[in-house]
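Here the structure is laid out as structure tokens; the discussion comes afterwards.
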Amino acid sequence: SDHMENIYGYLMKYTNLVTGWQYRFFVLNNDAGLLEYFVNEQSRHLKPRGTLQLAGAVISPSDEDSHTFTVNAASGEQYKLRATDAKERQHWVSRLQICTQHHTEAIGKNNPPLKSRSFSLASQGSCNSPGVQRRPSQNAISFFNVGHHRSSSGKRVPILQPDHLVDVREMMSQAEGQQRDLIRSIECLPVSGHLTSLDQDLLMLKATSMATMNCLNDCFHILQLQHASQQKGSLPAGTTISWLEPKISLSNHFKNGAAQSFSAEINKPASVREEQSISEPGQLTREAEEINPDEELEDISDDKEDDLGAVEEQRSIILHLLSQLKLGMDLTRVVLPTFILEKRSLLEMYADFMSHPDLFLAITNGGSAEERMIRFVEYYLTSFHEGRKGAIAKKPYNPIIGETFHCSWRMPKSKVGAEAGGDAPAPSSSEQVTPAKDLEGQTELDYYTVKFVAEQVSHHPPVSGFYAECVERKMCVNAHVWTKSKFLGMSIGVTMVGEGLLSLLEHGEEYTFSLPCAYARSILTVPWVELGGKVNINCAKTGYSASINFHTKPFYGGKLHRVTGEVKQNATNTVVCRVQGEWNSLLEFTYSSGETKCVDLTKLSVTRKRVRPLEKQGPFESRRLWQHVTESLRDGDIDKATEHKRALEERQRSEERLRAETETPWCTKYFLKEGDGWVYHKPLWKTLSPVQTQQMDSN
């Protein structure tokens, strides 16, 4: 109640592209649950220029900066507002959220319970439809007419009768069919005219019906768990409980509402049965495996994501997906359509950030702490271009928990000289790839080897750990990343929560760094990727730091993919290097000496990674795990890719349920949890003894 007072004050409100941001006087009316605004404070006694009902609204701080936030009403109306500073934004956001929660809960309390209402999925005139006819036993009372027994406390506890679950399952199946028919009917409407398939009310009906089925599905699963728990308590030890049925899979509505045909198990492709039958990964060997780089071969796959036609063809699917989402919604648990997927796992995407190992290895060549920091910044900014394949924004596979990815790079020592960083000019030829023939005839002493390993260490939240090292150069990098995705209207934002640590053992230096946010823009037309946000790189030992800003394109004008940054000495606050340009094309570095250097990222030499052949990979290594999905996407068979993808995801859910029931913790393979982060189990700073370091220095 202390936080429910009315508040008022000036905020900036975004109007449109022409008038832009304008100061308006806002009043939060807690008693009525309204957010009102006026032209100015003097006109407060007049009728408000605008009013938003806060019940059911979503209040979302913006990722763009620390001042902006949005108020998204249940009606679909949105206010984009900006406070004078971060403190004022937090004050408004917290008060708005409290008011919103209060009035949303009040609506729920004031409405009658569901059992006193009457609903029908059938419209008038369709009562004879076979899908909506009920047997006498299919009424709500018979479905939930459960027996009772008294507990030791004297309270009546419901006992679920076994045959009731069968009836519930049958009704769920019928409801799913009716909801599918509803979706099909809506999407068969014309795209123009009095009533169209894109009508706002019909899109809302699609979204709410899908949400209802999801809720019913979750409730049914809870009933299954309760039923199994009661059976376990009454059966002898060692008795195996078989599920009545796997958790119901809602049909795939990404085919314009068409009925999805689920083949019988015997008719499924062998590859799908294999994906569903792979045993619990915890029962497989969870011992860390030492990968021999000599078994790895140069990667020859070239899956460029440049198919723009598929997005236009599937536009109705995207519209359907958008009708189910709310602004600010967390997309972690949202199943996205298969056609937007890249043909690689997120774990492999992290490896592609290492596609310029010559620049990475050259960091430790810097003759001073200042030069090493600058070299790290140069390498950092050149890593994102190759990590994104193609102009279209597609999404890599969500890694399965326990999934791993291994690879390595071989870099001729002659190409990692002191001139690889610093003031060296960028290559002027067209984009080059370091071919295997450059390494033919060379012994292990002629090249450096960079090893990489990544593992999905957590499913909820989705956290990945990755580690790379070069023993000869006495350097390694360890990072963990939690990807948090959010729906932002016509774009999707992904926040990379986590931290990386670069260790230069030869110099005793550690560099901490973070990662920028990523945005998929224009998701209704041709989606494209934009990076945004501020990242920091720090070295506590040397006192050097770097601040890098990835600028998102403003509403009107401005350049795409712009990045700026500076490197400074913290003790004196002296800027020793400035950088500006575009993270995917041209970067310009200006040093304290006045000299400048331009790096054309499109012309940098790319070193292909080396990966073990599929037949030598373990069942949970990325490429082998996703091979059938990848092959189907290459063949353009979206339905088949979706089937393989669903099999993998369903197996992961089943394994997660089993671990929860047996209270079995998940055991990682390569990474250990330390505090809030994840660290490789054998990092170079632990395995490389001081004696070895001295011997390598002498060599």
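Counting begins at 1 with the first residue displayed.
Each residue, glycine too, has its Cβ placed from N, Cα and C.
The shown structure was predicted, so the numbers you read here are calculated from the model rather than taken from an experiment.
As annotated by TrEMBL, compositional bias 'Polar residues' applies to 117-134.
Residue counts of the compositional bias 'Acidic residues' (290-302) by helix, strand and coil are 3 helix, 2 strand, 8 coil (DSSP-based). As annotated by TrEMBL, compositional bias 'Acidic residues' applies to 290-302.
The domain 'PH' (4-101): residue composition by secondary structure is 21 helix, 40 strand, 37 coil, according to DSSP. TrEMBL lists 4-101 with the feature domain 'PH'.
Look at TrEMBL and you will find 106-134 (among others) tagged as region 'Disordered'.
Annotation comment: TrEMBL describes 269-302 (among others) as region 'Disordered'.
Sequence annotations record features per position, and here TrEMBL assigns region 'Disordered' to 416-435 (among others).
Feature annotation from TrEMBL assigns region 'Disordered' to 637-656 (among others).
When the region 'Disordered' (637-656) is classified with DSSP, helix, strand and coil residues number 19 helix, 0 strand, 1 coil.
Mean pLDDT for the domain 'PH' (4-101) in this predicted model: 87.
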